[in-house]
Amino acid sequence: MSDSVILRSIKKFGEENDGFESDKSYNNDKKSRLQDEKKGDGVRVGFFQLFRFSSSTDIWLMFVGSLCAFLHGIAQPGVLLIFGTMTDVFIDYDVELQELQIPGKACVNNTIVWTNSSLNQNMTNGTRCGLLNIESEMIKFASYYAGIAVAVLITGYIQICFWVIAAARQIQKMRKFYFRRIMRMEIGWFDCNSVGELNTRFSDDINKINDAIADQMALFIQRMTSTICGFLLGFFRGWKLTLVIISVSPLIGIGAATIGLSVSKFTDYELKAYAKAGVVADEVISSMRTVAAFGGEKREVERYEKNLVFAQRWGIRKGIVMGFFTGFVWCLIFLCYALAFWYGSTLVLDEGEYTPGTLVQIFLSVIVGALNLGNASPCLEAFATGRAAATSIFETIDRKPIIDCMSEDGYKLDRIKGEIEFHNVTFHYPSRPEVKILNDLNMVIKPGEMTALVGPSGAGKSTALQLIQRFYDPCEGMVTVDGHDIRSLNIQWLRDQIGIVEQEPVLFSTTIAENIRYGREDATMEDIVQAAKEANAYNFIMDLPQQFDTLVGEGGGQMSGGQKQRVAIARALIRNPKILLLDMATSALDNESEAMVQEVLSKIQHGHTIISVAHRLSTVRAADTIIGFEHGTAVERGTHEELLERKGVYFTLVTLQSQGNQALNEEDIKDATEDDMLARTFSRGSYQDSLRASIRQRSKSQLSYLVHEPPLAVVDHKSTYEEDRKDKDIPVQEEVEPAPVRRILKFSAPEWPYMLVGSVGAAVNGTVTPLYAFLFSQILGTFSIPDKEEQRSQINGVCLLFVAMGCVSLFTQFLQGYAFAKSGELLTKRLRKFGFRAMLGQDIAWFDDLRNSPGALTTRLATDASQVQGAAGSQIGMIVNSFTNVTVAMIIAFSFSWKLSLVILCFFPFLALSGATQTRMLTGFASRDKQALEMVGQITNEALSNIRTVAGIGKERRFIEALETELEKPFKTAIQKANIYGFCFAFAQCIMFIANSASYRYGGYLISNEGLHFSYVFRVISAVVLSATALGRAFSYTPSYAKAKISAARFFQLLDRQPPISVYNTAGEKWDNFQGKIDFVDCKFTYPSRPDSQVLNGLSVSISPGQTLAFVGSSGCGKSTSIQLLERFYDPDQGKVMIDGHDSKKVNVQFLRSNIGIVSQEPVLFACSIMDNIKYGDNTKEIPMERVIAAAKQAQLHDFVMSLPEKYETNVGSQGSQLSRGEKQRIAIARAIVRDPKILLLDEATSALDTESEKTVQVALDKAREGRTCIVIAHRLSTIQNADIIAVMAQGVVIEKGTHEELMAQKGAYYKLVTTGSPIS
């Protein structure tokens, strides 16, 4: 029956299989997309596509906000109607006064007449008089201004508030969609997209889209309305003059468009460079122990800086273009003034078509239109930047995953037996299409049996497991479960049937209980406890202060390998899976734990299909069927005995391994007494008794970061990720006081020459506004001069001055733009570099702190440095500009009427109050915003960095829910911010109109009662109010300024921190003849963040130069901790670590580490070539290729590398993802060999290797150990038997030491471990 199902399934899907080459299609898709990107690098997201996530509520908010922005935009041109009429009233009044001062003239019956009886020809031009009461006229105009002020207050508030709220809602949705889409992507997509880049896009790029669709939209609508209404009013009042003025508008438009296009292009390049820098930072911070051990800090800073240099270049180019075209636009505007007043005055004086008031109305309305067009350019910049950022975001959102893990499609079988079959499967990884991993693989895995896959590293064993989980689809052939092609099955359902335990298990930064519950959402606490007992994890968990509520730290990195492995096994067992995949699952366990786990596996085997990839014979022998792999093909199949008889691949592996186990020779076993043999049977036979036997004080302190809080109540209900994070008092970013500007400026000292030049330009630009007010009032004053020739002469002089101002502006605006772009980019680069350098210089304990997780640190690097520009970049130009503006305006105003100046100055406190409120409020929000997004960054980083584990246990939805809950915090903050920012903006806008209202009212009084000339009223009011507007504009930058001070404070806090162990500290002892003698003298140690748990409890052991010391003991007894003390990742609390008789605390850190090489159990490789990874072993000099090849040959790596298409130039992928574990381990060994260290540390260095590789690498390591002091940590006894000293550890102390023979003769803990696998206690 089963066979017919298989045949039917093959026939059905075989027809489709010809074209069902998923990964080929993936590669073609990828290639074509890369070609498209090359062809159309300029392709951008359409503007309205930015709003694709808007709901009907958002559309309503944006509509009302736009309507209010439109009404607000009408207000400015509307005021000009009042202003023009008021100008005519002033001029008429002044003309009347001047005429009445002529001897012989008087006002009779509201007409100016000659008082003598002889009629004169001039009487025909008699002027009306006595009708103007200037004070009552001014009261009327003041009330108009006040009414407009109220309207502006209401509309200004609504436009900003509604648009910011609508944007916050859309951005929240966008972040959710983006993360959801990423979590749906197939694993092959992650092979081609780095996690660091995705994190940068999630934080930085979406923020840029937010900037484009929030308040900038409201301001753009307002300004464009003012532009259009201004031009319409100009045409309505006088088309001739309007046409002349707007004849230069196309040039202004060209300038604005050039700014938009250039900024978009340069921003895109800048973003790409920063994203690459983000990838480097993420990779390095995640691998900090490796970087520190190999002294790679300087090299990594240089690698990071290279990417920053590219970003800096594009930023400076952007500043040059911005500066030049801003100057160009201003130059055109001043030339416009000159042309308008020159031509307009002829229409007033010669042709009498316009009144002076009409001229002012036309001129100002068109200029207001043009100025608003100019002011809209920053909005265009934000839109262009947002569209550039949206390109990659929307591309990802729109991409359909080839294997969609959340798809509802596919069959869900009622029953599953667990029969798995590979039919002619050929496969290569999407990122390395030229390397074939599986080659026509055919194999059957029977249900309810344990099948072991054996073979050399890189033969395709782990790849086969990934195909079963459907991380990838075969390029050819198919994989079936119970006769069904797995491509026809529902993915989530399929993965729910599978439990997976990997060699390098990933735990999530939550509690142990929650990590186990990840296996099954509805698991009760009893289920969790039972699973922990089955995985032999219960005892060490109960020894921890918070037991199951213990937080495991980032990636579970605070636990020993064995502890992590057992929690991962518990997580797999709690699923009760029909198919259990064990990829080197017990390699990190000691003999005792492995025996326990094997017993559990044999118990659950009935009704479960177990596939085990393993190198240990003890694991393989227990299997019902063993399949031998070679070159991506299954070459043999059978039981242990059958395959030994066949003398093929398996026989070779067994022979090699048994040769290595000479320690366990017959003599040793014979020496074991009958009691010992009984104990062995007893400990293996009775599970409960063996559990009791294994109760001991394990090292609780491998968890070097645990938060102190009362234990959670144990509950039997579904606990979500978010609740767990909320209940645990995980420390948030500590509060920092905003950095003082003086400190920021002091830090910016190298950029001062540029800032000085930029400030000179900004100061000159600042004088332009009050000088404009002076010249403008001068022109208005000329219209009341009786002599027309005098009028003409003065107007021409003023027009020439406008031309001169335009030319100066062109130069100074360019100067300001370029100089501050240069200083800002240099500062940002330096801040990023110094910040990154300071991070790499911190002690390892600092990275153990949850607040300094890789996600949080990379997010901080990505956003903080660029925000500091807000306090030291173009913002200084804005401050200098505003200061000069106000100073010159005050001088002009007080020179002509100190009384009126004082009245207007009464409104300055309100302006200052508005700005101060904005600054204070937004400083708070900037801080809270950052904290919330850092927490979001931690979730995304954790999910994406461990995507294989997340996909394997089918917890994509759980991370999505966690992220969506966390996103509520920045959303709520944004809503609060919208209301405050809206009110402050509206208040700052309306205060101008109120100031005008009061000023003109009082000005009327001064003209009427004190004889002040009306042009002085215009001069004083224009100068002060325009300078106040500039001040208001400076205040509008308070959000970025506030964020800048908070970000700068974080940087300074980091730069000021003096780590207790600093790699940058040049002090400390160094000596020439480094021998490698090591003495641990009564070392006591607790991890800094967990002072309640003692890890080492008086460790004392000595190693002479050239000797090998092997540490033996149960998982978590402090073996790896001793290595970390030797590397000076930490210092002992009491006692000493002596190196050649020198106290390690007094030895120079760099010098010490340069003499130590390390190979860890989970090797960390960097996303660069194999050659560069090997060269990383010695960062003090350039390593010649000969040395690289020699090291590779010693590590048995050279032949494998030469079989790759790109040989030593082959990129290993993110975290070495393109290589098998054995291959990665051999690269790590070659890296240690190339270092040529005096001390070699091997922490489970061969646990990841198959038997064949282990044998060859062991030979290499034996060679590498010659002439070197060596410390070995291993669970395989064959690895340690030849050590000069074997130190048996328990509870942080050495309980026995000696050679293998001496310890066997003592018949103590070591003897018991070798003969029975019993626990060390």
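Cβ atoms here come from the backbone N, Cα and C positions, even for glycine.
From a predicted model like this one, the values you see are computed outputs, not experimental measurements.
Swiss-Prot annotations:
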- 1-62: topological domain 'Cytoplasmic' (TOPO_DOM)
- 62-385: domain 'ABC transmembrane type-1 1' (DOMAIN)
- 84-147: topological domain 'Extracellular' (TOPO_DOM)
- 169-215: topological domain 'Cytoplasmic' (TOPO_DOM)
- 237-240: topological domain 'Extracellular' (TOPO_DOM)
- 262-319: topological domain 'Cytoplasmic' (TOPO_DOM)
- 341-353: topological domain 'Extracellular' (TOPO_DOM)
- 375-755: topological domain 'Cytoplasmic' (TOPO_DOM)
- 420-656: domain 'ABC transporter 1' (DOMAIN)
- GLY455, PRO456, SER457, GLY458, ALA459, GLY460, LYS461, SER462: ATP 1 binding site (BINDING)
- THR586: phosphothreonine (MOD_RES)
- 651-672: region 'Interaction with HAX1' (REGION)
- 777-794: topological domain 'Extracellular' (TOPO_DOM)
- 816-869: topological domain 'Cytoplasmic' (TOPO_DOM)
- 912-979: topological domain 'Cytoplasmic' (TOPO_DOM)
- 1001-1011: topological domain 'Extracellular' (TOPO_DOM)
- 1033-1321: topological domain 'Cytoplasmic' (TOPO_DOM)
- 1311-1314: region 'Mediates internalization from the plasma membrane' (REGION)
Is it possible to get the count of other C-beta atoms within 10 angstroms of the C-beta of GLY455 (ATP 1 binding site)?
26
Using a 10 Å radius around its CB, how many other CB atoms surround LYS461 (ATP 1 binding site)?
26
So, by DSSP, how many helix, strand and coil residues make up the topological domain 'Cytoplasmic' (262-319)?
54 helix, 0 strand, 4 coil
Counting Cβ neighbours within 10 Å across all chains shown, tell me which of the binding-site residues GLY458, GLY460 comes out on top.
GLY460
State the residues, same chain only, that lie 6 or more residues beyond the ends of the topological domain 'Extracellular' (777-794) and have a CB under 8 A from a CB inside it; answer 'none' if no residue qualifies.
87, 90-91, 94-95, 98-99, 341, 345, 348-349, 356, 360, 1013-1016, 1018-1019, 1022
Within 10 Å of its Cβ, which one of these binding-site residues (SER457, SER462) has the largest number of other Cβ atoms?
SER457
Looking only at PRO456, ALA459, which of these binding-site residues has the biggest number of Cβ atoms within 10 Å around its Cβ?
ALA459
I want to verify one value. Collapsing DSSP to three states, which class is SER462 (ATP 1 binding site)?
helix
Looking only at the topological domain 'Cytoplasmic' (1-62), what is the model's average confidence as pLDDT?
53
Mind checking which residues reach the topological domain 'Extracellular' (1001-1011)? Cβ under 8 Å, same chain, six or more beyond either end.
90, 93, 134-135, 137-139, 141-142, 897, 899-900, 903, 1017, 1020-1021
